[in-house]
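These notes concern the structure reproduced below.
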Amino acid sequence: MKPPGHIAIIMDGNGRWARSRSRPRTFGHDQGVKALERTARAAADLGVEYLTVFAFSTENWARPSSEVEFLFELLQETVNEELDKLQEEEDFIIKFIGRREELSRDLKQAIERIEEVSKDNDGLRLTVAFNYGGRKEIIDAAKNHMKNFDDIQKAAAALDENTFAESFYDPGMPDVDLLIRTGGEKRISNFLLWQLIYAELYFTPTLWPDFDSEDLEKAVADFNERSRRFGRVPDEGS
C-alpha cells in the first residue's frame, strides 16, 4: 500500500463520543489524545512523512470557557507527556502552527521546548494546528511578506506562490495529499485552505476517539484507488 506523503486530519467527534457514553465532553477530549498517539504511530508505520492534525481552531474560542480552559491544559499535558514520548520513542519531529500570542507563557514554553528538542529527529513530522485558522494564516502570511519590503510596489512585484508560501506558519510544509475528517461531517472548517489545493478528501462517520490503524488503512486504500489529475486531462482509458 503506497502511503500519501502528507495526511491531514480534522479530529472531530470527541464531544459526541463522550455524550453517547453519558460522560462529559472533557472525557472525549482525553480519549482523543489517545487516538492521536496511536494514529500517529500507525501513520509512521505506513511510511507517511507528514501528519498534520487540527486540534483547536480560532473559532473554538466560542465554546464554553470551561471547555476552552480544559483544552489548553490538556494540550500542555499532551506536549509534556504523549508528544514527548513520540519524539523520543519514534524520533518524530514535532511542530505547531497557529497564533501563539494568545497562549499562556507556560504553554508557549512547552511548545518551543518540544520543537527544539525534536527538530533534528528524522521520523514522521507531526504538526499540531492549535489556535489555527486557514484564513488567518493567509492574512498573517500577507503581513509577513510585506515586512520584507520597504514599499508596497516592491512587495507586489516579488509576490508569487512560492514567495508567498515562504511567509506561512510552516514554510516547509508540503501540500496535503489526503485530508481525513472523522465524525461524519463533510466540510473542511477553515483548515489548511492554501495547502489543500489538490488534496483528496475522505470523510468517515467514525468518531475521533474510536479512530484506529484499521480506519487509517481504509482511508489510505481509498486514496490509492483515486486518479489524481492536478487539473490535467486524463490519459485515454483512465
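Yeah, the Cβs are placed from backbone N, Cα and C, and that goes for glycine too.
All TrEMBL annotations are machine predictions without curation.
Model, not experiment: these values are computed from the prediction.
What TrEMBL says about this protein:
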ACT_SITE  Asp12  active site
ACT_SITE  Asn60  active site, proton acceptor
BINDING   Asp12, Glu200  Mg(2+) binding site
BINDING   13-17, Arg25, His29, 57-59, Trp61, Arg63, Arg181, 187-189  substrate binding site
COILED    100-127  coiled coil
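Location within the structure of each feature annotated in TrEMBL.
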residue	record	Cβ contacts under 8 Å, 6 or more apart
Asp12	active site	Arg181, Thr182, Gly183, Gly184, Glu185, Leu207, Trp208
Gly13	substrate binding site	Gly28, Thr182, Gly183, Gly184, Thr206, Leu207, Trp208, Pro209, Asp210
Gly15	substrate binding site	Arg25, Gly28
Trp17	substrate binding site	Gly28, Gln31, Leu207, Trp208, Pro209, Asp210
His29	substrate binding site	Asn14, Ala18, Phe70, Leu71, Leu74
Thr58	substrate binding site	Gly98, Arg99, Asn131, Tyr132, Gly133, Lys136, Asn190
Asn60	active site, proton acceptor	Val68, Leu71
Trp61	substrate binding site	Val68
Ile188	substrate binding site	Ile10, Gly134, Leu179, Arg181, Leu196, Leu201
Glu200	Mg(2+) binding site	Pro4, Asp177, Leu178, Leu179, Phe223, Arg226, Arg228
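Taken together, the residues in the coiled coil (100-127) have a mean pLDDT of 96 on the 0 to 100 scale.
According to DSSP, Arg181 (substrate binding site) is assigned to a strand segment. The Cβ of Arg181 (substrate binding site) has 23 other Cβ atoms within 10 Å, all protein chains considered.
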